[in-house]
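One structure is given below, encoded as C-alpha cells.
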Amino acid sequence: MTGAVLPPLLLIGSGKMGGAMMQGWLERGISEVVVVEPGEISLCKADGRIRHVRTLSEVPAEFHPVAIILAVKPQQAGEVLPYLSAYATAGVLLLSIMAGKTLSRMAAEVGVAQASLVRAMPNTPAAVRQGFTCAVASGSVDQTQRELSDELLSAVGDVAWVDDEALLDPVTAISGGGPAYVFLLVELLEKAGIEHGLPPELARRLARKTIIGSGSLLAATDLDAEILRRNVTSPKGTTERALQVLMAPDAWPSAVPQAIEAATSRSRQLGQS
Ligand SMILES: NC(=O)C1=CN([C@@H]2O[C@H](COP(=O)(O)OP(=O)(O)OC[C@H]3O[C@@H](n4cnc5c(N)ncnc54)[C@H](OP(=O)(O)O)[C@@H]3O)[C@@H](O)[C@H]2O)C=CC1
Ligand SMILES: O=C(O)[C@@H]1CCC=N1
C-alpha cells in the first residue's frame, strides 16, 4: 500500500507521540484526519485535511474512519476505550501505542471481543522519522488492516512485527524508553565536562555531538557495537580506564539489566490496570 494516500483516520491524543506520528502521516499523504485532543494541537490547523475536536463526543457522526489511533496515556484509556465499541463492532482498526495495555485488556474495555486491535510500541525518534516500532496484531486483524498499520507506523521509522505479545514489555523497556537512557548519558557527559572546567557551551556541544556522531557511525556500518567500542579503546589508553569503571560488575553490566527489568515489569503492571 506504500505510495497510496492514507485513508480517513481518527487520532485520539495528540501529545508527544501522537503529534509526531501525525506529522509523519501528513508528509506521507493523508486524506482526512480528525484529532481528539483536549488541549491545543501543534499541527497546522489551516491544513484542510485536519479537524481538531476536544472530546470524542464532538467527532462528527458523518465521519467514518478506517482506523483509530490511540495515543493517550495508559492511565487515560478508561476515558476513551468504552466509547469505541460502535467503531469496533463495525470492524474499524484500533491501533494503540499505549504502554502496557494488552490486546485482551483493550478488547475487554472496548467491550468487543472480536475488535481488530494492534498494539504497537514506537519511540520518540519518530519525530524525525527515525523511530523504531514493534507491533503485534490480534487475531481479528485482517491482511488489509495489518498493511495499513504497517504503513502508519513506517511513516515514522522502522517497523518489526512479533507474534508473541509478551515481547512488547521488554520492547517497551528497550526501544520505547531507550531514547531516555541515551539522553541521560548526554546529560551526564555534559555535567562531567563542566565539572572538569570546560565552558558550559563547549561541554554541551561535546556531549551532544559525541552521541550524534556515534549514532551516525553505527548507522553507517554493519560492525557490531562491541567492535566499534574496541576501536575507541586503545590498550593502556584513556578509554580503557573509563571502561574499567563503567564495565565493573556492579556498574553498567548490572545497572542496565536491572533498569530494563524494572521498566519491563512496569509495562506488565500497566497491563493489569
Ligand atoms: N513518550 C514516549 O516516548 C512514548 C510514549 N508511548 C505511549 O504513547 C502514549 C502517549 O504518550 P505521550 O505522547 O508521551 O503522552 P502525552 O501526554 O504527550 O500525550 C497524550 C495526549 O493525550 C491527551 N489526552 C488526555 N486525555 C484525552 C482524552 N480523553 N481524549 C483525547 N486526548 C486525551 C493529553 O492531553 P492532556 O495533556 O491535556 O492530558 C495529551 O495531549 C502513551 O500511552 C505512552 O505509553 C509509546 C512510546 C514512546
Ligand atoms: O515511559 C513510558 O511509559 C513510555 C513508554 C515508553 C516510553 N515512554
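Backbone N, Cα and C atoms are what each Cβ position is placed from, and that goes for glycine too.
Caution: TrEMBL annotation is automatic and unverified by curators.
Per TrEMBL, the features are as follows:
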- 11-100: domain 'Pyrroline-5-carboxylate reductase catalytic N-terminal' (DOMAIN)
- 165-270: domain 'Pyrroline-5-carboxylate reductase dimerisation' (DOMAIN)
| task | Could you pull the average pLDDT for the domain 'Pyrroline-5-carboxylate reductase dimerisation' (165-270)? | result | 98
| request: On the DSSP side of things, how many residues of the domain 'Pyrroline-5-carboxylate reductase dimerisation' (165-270) fall into helix, strand and coil, could you say? | output: 87 helix, 0 strand, 19 coil
| field | Residues in the domain 'Pyrroline-5-carboxylate reductase catalytic N-terminal' (11-100) grouped by DSSP into helix, strand and remaining coil | value | 31 helix, 19 strand, 40 coil
